Amino acid sequence: MKLRDSLAENKSIRLQAEAETWQEAVKIGVDLLVAADVVEPRYYQAILDGVEQFGPYFVIAPGLAMPHGRPEEGVKKTGFSLVTLKKPLEFNHDDNDPVDILITMAAVDANTHQEVGIMQIVNLFEDEENFDRLRACRTEQEVLDLIDRTNAAA
């Protein structure tokens, strides 16, 4: 499942969302996947449990979080949601706070998680200007067009 296709098919993009805490921000992304029947509601708690156990493991770059749990924690099919925040939030990460872009990932197996999910997200942000381009997006179509341009350039 490609990042772009998943976002388009599942209508799982939310731009300029408002959240007071990192937990609320993560819930917005998970709720989009629940609505699209990609994950069960318990996936959210699994992500919170992971943070309690390992710290903010999914804050992977300055401003960027990739919340995800394990396949057996309620994943029905592979999918992604993308959320940008109106106001960046602290996720208690030493190097990469504050966060205002969240790409929530659900993968049916570890292989898909690593090869498909992470590589597509790395590809999107290989050009660091794409962080600001994404922050500037105000419509779902603008996000999809940005991903299309990135894929065409790769």
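Cβ from N, Cα, C; glycine included.
Source: prediction; values computed, not measured.
Feature list (source: Swiss-Prot):
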type     : residues : note
DOMAIN   : 6-150    : domain 'PTS EIIA type-2'
MOD_RES  : His68    : phosphohistidine
ACT_SITE : His68    : active site, tele-phosphohistidine intermediate
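If you take every residue in the domain 'PTS EIIA type-2' (6-150) and average the pLDDT, you get 94.
Counting residue by residue with DSSP, the domain 'PTS EIIA type-2' (6-150) contains 70 helix, 32 strand, 43 coil.
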